[in-house]
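K.L.:
Structure below; questions to follow.
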């Protein structure tokens, strides 16, 4: 199983590469690519960690050597948020980066599963889909927007509030991956109940958690380490499913049946072909139903922005 990380010299990319080097199954290959000249050195640094994962680093304009034979491609390349910016401010720079890298994936490893981490995910996934479609290689079961950070944050905040072990809480999060489009389904967490105020406060905290980190880092970056952990969790789940493990479920932002929007984050059963089944979002509380209806315009606009970027 070969995993490629594009944007591997960045804050998320390095954290992700470290976690994959230590946690990928024995015999896996890990390929690191970034435009930054330091990237082969990051691979040498990680190669000294004693795990049976082969690692190589590539830099420069051409990602092809890193992508050859990849089964999973995780894309974290792009600029990070600074205080006062929201994820959509990143669009102008990151849209072009994602378009370019996905064009290279389409040429070199068109059958790979692709996880998009680069923000704004609501839009960059639509860009990736349109690029793959133009190249004639789009498979909607193999393109994912990685929203796992919203899930791990939800798990952490709920566990803190309710005095639970973080490992025993799993909150499904649906919708998109920014602001009001992030909708944690707190009504579906087994064995935990919340007051209306707690639901409102937690939902808001989960939606704004990225900004909390950006502000706390005071201009020094955005959420890189927790995002690295979230991306590793998703990537490792995908690898296990591709290798035939049954019953692997993760939430991610994918093209579905269009019931809510063309792309929508929901629980997915993963398997040898990527998405095996898009699971139902289940029964929502009145609060969740209203939040879902209220976000769809924003989500659809985000998606249209990405489609237009490729097709203009």
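Note: Cβ is positioned from N, Cα and C throughout, glycine not excepted.
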K.L.:
Figure out which of 34, 86, 139 sits with 7, 8, 9, 10, 11, 12, 13, 94, 117, 118, 119, 227 in the NAD(+) site per Swiss-Prot.
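P.N.:
Matched candidate out of 34, 86, 139, per Swiss-Prot for NAD(+) with 7, 8, 9, 10, 11, 12, 13, 94, 117, 118, 119, 227: 34.
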K.L.:
Write down the Cα-Cα distance for residue 81 (substrate binding site) and residue 9 (NAD(+) binding site), rounded and given in Å.
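P.N.:
Distance (Cα to Cα, whole Å): 17 Å.
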K.L.:
Mind giving me a neighbour count for residue 11 (NAD(+) binding site)? Other Cβ atoms within 10 Å of its Cβ, every protein chain shown.
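P.N.:
There are 18 of them.
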K.L.:
How long is the line from the C-alpha of residue 119 (substrate binding site) to the C-alpha of residue 177 (active site, proton acceptor), rounded to the nearest angstrom?
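P.N.:
Residue 119 (substrate binding site) to residue 177 (active site, proton acceptor), Cα-Cα distance: 9 Å.
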K.L.:
Rounded to an integer, what is the Cα-Cα distance in Å between residue 227 (NAD(+) binding site) and residue 177 (active site, proton acceptor)?
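P.N.:
Cα-Cα, rounded: 12 Å.
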